Amino acid sequence: MSFPFALAVHGGAGTILPEQMSAQLEANIRAALAQAVNAGHKILAAGGDALDAAVAAVKVLEDSEHFNAGKGSVLTAKEMVEMDASVMHGLQMQVGAIAGVRHIKNPVELARDVMHHSAHAFLISEGAEEFAFKQGHLFTEQDYFFTDRRYDQLMVLKESGDSALSEASYPDDNKHGTVGAVALDQQGNLAAATSTGGIANKRFGRVGDSAIIGAGTLAENGNVAISSTGVGELFIRKMVASDIAARMRYLGEDVKTASETVIHGELKTLGGEGGVIAIDKQGEIHFALNCAGMYRASIDIEGKLSIKIFANE
Ligand code: ASP
């Protein structure tokens, strides 16, 4: 028997306001989201695996300079890019994660390779890159990731001494964010993938939730797949993805109730601004956010495409 299939993506959440975005930028972002969700959906429609679909969708967003992942990643206090990513396949709870890589064009593919081709779950910095080059990833110069916009943003933050979500607290009408995808394939597999440049002006090898299974990424067959975006420290403390999955598993909550409860609960009270995309075992998709906007798109089990940016859409 073949199962319904569906996929959703996000491109980050935060202070995303219509008045801060030009029509052209909004159109470009919506086009990139559509391209990403279509790339993943094509794989699902052909009977492909949920994780392959999620990775293909995230790769499109990593390659777009409109989002804080891959090209267009935010800059650290040392004026370089350091990226984190993770993937999870729900069939056997397989995971792969990487953090602090500086020269890998598509970190989500490296996370997938850690899952498929290493004996480990999580590799960091130089070690992760050493593994990457053995797997055939090419050394990508920092110049490739660097954008003037990110440099200007860093200069503003350095002056104030803050670090910031790519979407927040910066007078920049070009909004960008962490990216992720969740998918249900025709075999009933659930998968999730997340990739980020982290937060601007980060120091000391800071790693956020995007690399952490159970916080930024989670997939369990028969239950749910989740990808998060937001203030990573809080998403780690509240184990956001894991908490949503646990509510569904033990309390029998549906995907909407569980996601909304966690995103608008203590997470928000503690300052955990952000959101999640989630898909359950029937292919029901839910977007939950507690801030002004989240770049998001989906193709549901009926094949209907939806692209949204602002919270009230
Ligand atoms: N969650 C990411 C991090 O803390 C940032 C984001 O989603 O924009 O690294």
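Cβ atoms are placed via backbone N, Cα and C, with glycine included.
Copied over from TrEMBL, here are the features:
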ACT_SITE  Thr178  active site, nucleophile
BINDING   Arg206, Val207, Gly208, Asp209, Thr229, Gly230, Val231, Gly232  substrate binding site
Could you give the Cα-Cα distance between Val231 (substrate binding site) and the residue listed as 'active site, nucleophile', in whole Å?
11
Can you list which of the binding-site residues Arg206, Val207, Asp209 have their Cβ under 6 Å from some atom of ligand 1?
Asp209
List the Cα distance (Å, whole number) between Asp209 (substrate binding site) and Thr178 (active site, nucleophile).
11
Packing count at Gly208 (substrate binding site) (other Cβ atoms within 10 Å of its Cβ):
27
Please report the Cα separation of Arg206 (substrate binding site) and Thr178 (active site, nucleophile) in Å, rounded to an integer.
15
Give the number of CB atoms, excluding that of Val207 (substrate binding site) itself, located within 10 Å of its CB.
22
For Thr178 (active site, nucleophile), which of the binding-site residues Val207, Gly208, Thr229, Gly230, Gly232 has the nearest Cα in space?
Thr229
Cβ packing number for Asp209 (substrate binding site), 10 Å threshold:
32
Number of Cβ atoms other than its own within 10 Å, given for Gly232 (substrate binding site):
28
Cβ neighbours of Gly230 (substrate binding site) where a neighbour is any other Cβ within 10 Å:
33
What residues, ordered by sequence, lie under 8 A Cβ-to-Cβ from Thr229 (substrate binding site) and sit at least six positions away in the same chain?
His10, Gly12, Ala13, Gly177, Thr178, Val179, Gly180, Thr194, Thr196, Ser210, Gly216, Gly274, Gly275, Val276, Met294
Return the count of C-beta atoms lying within 10 angstroms of the C-beta of the residue listed as 'active site, nucleophile', excluding that atom itself.
37
